[in-house]
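Copied from TrEMBL, the annotated features are:
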- 145-159: compositional bias 'Basic and acidic residues' (COMPBIAS)
- 13-146: domain 'PI31 proteasome regulator N-terminal' (DOMAIN)
- 181-251: domain 'PI31 proteasome regulator C-terminal' (DOMAIN)
- 141-172: region 'Disordered' (REGION)
- 221-274: region 'Disordered' (REGION)
Amino acid sequence: MAGLELLYASQAPGLSRPQDSLLCFVHWQLVTHQYRALGTGDQPGPNERKSELLPAGWNADKDLYTLRYKSMDDRHELLLKAIMVDTSMILNVMDCSSKQVADLTLTVADYIDPEHLADFHRVYKNIEELQTRVVTGIISPLQAPKEKGDPKKEAKPEKTVPPASTEDYDPLRIPPWQPLGGRQPSWPDPRDPFAVGGEDLDPFGGRRGGMIADPLRSRFRRPLIDPSSGLPNRLPPGAVPPGARFDPFGPGGGRPAGPDPDHLPPPGYDDMFM
């Protein structure tokens, strides 16, 4: 409070109103938080310099005080306006660079004794409470942000996880069918509106699934035909050239895997040569 006492002593001849003493205290709190006064009014004037003292004419208006401040590092400039409403002082402070605003309302009689305006040691009341309210109300909310480039002050960026697809979160999803021993046919997406009627244009399945259910193209492997089936002895090697069209002499030993081509003959048609 030694600095405030010197400031108050320098302004004592002009401190004729309780609100003047209250604003003097607010000014000194800004000074102790690395701000310096520039001047009065909303606009800068000629030959302004940063000072710990209050500028000339700061209390010319008993109902409205307008002061401008600048931080010691020249990064922030504050515009302070104090308005008297009945027995209360409304403080409004705006950071001119970020446009951030803070305000505080103080009852003058709670902190200033109007009977001892000329005595610094008796003029202020509840100093600790007043200091706390000024700092938390209009100074701390406008504190300068942490400087960039300082690894101790910079917040660590959060790791971003790329969003997963919808399939990864679907517990009921059935994986697509893959044929045994082969690759997925290049069938069109059935949801494609241009795929409607495509099988009618390509019934044999040249590029699409086609319209003919051919059991020979199923996913079941068909066993090789044994040319010695139905004979008492096996044929000698090379009797049937590879790839030759050959009808076995008798029925095979077992039922081949996969669907039977004759399992659905036409109704009422009984022909063994069909």
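Including glycine, each Cβ sits where the backbone N, Cα and C put it.
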On average, residues of the domain 'PI31 proteasome regulator N-terminal' (13-146) score a pLDDT of 90
Treating G and I as helix alongside H, and B as strand alongside E, what does DSSP give for the domain 'PI31 proteasome regulator N-terminal' (13-146) in helix, strand and coil? 44 helix, 41 strand, 49 coil
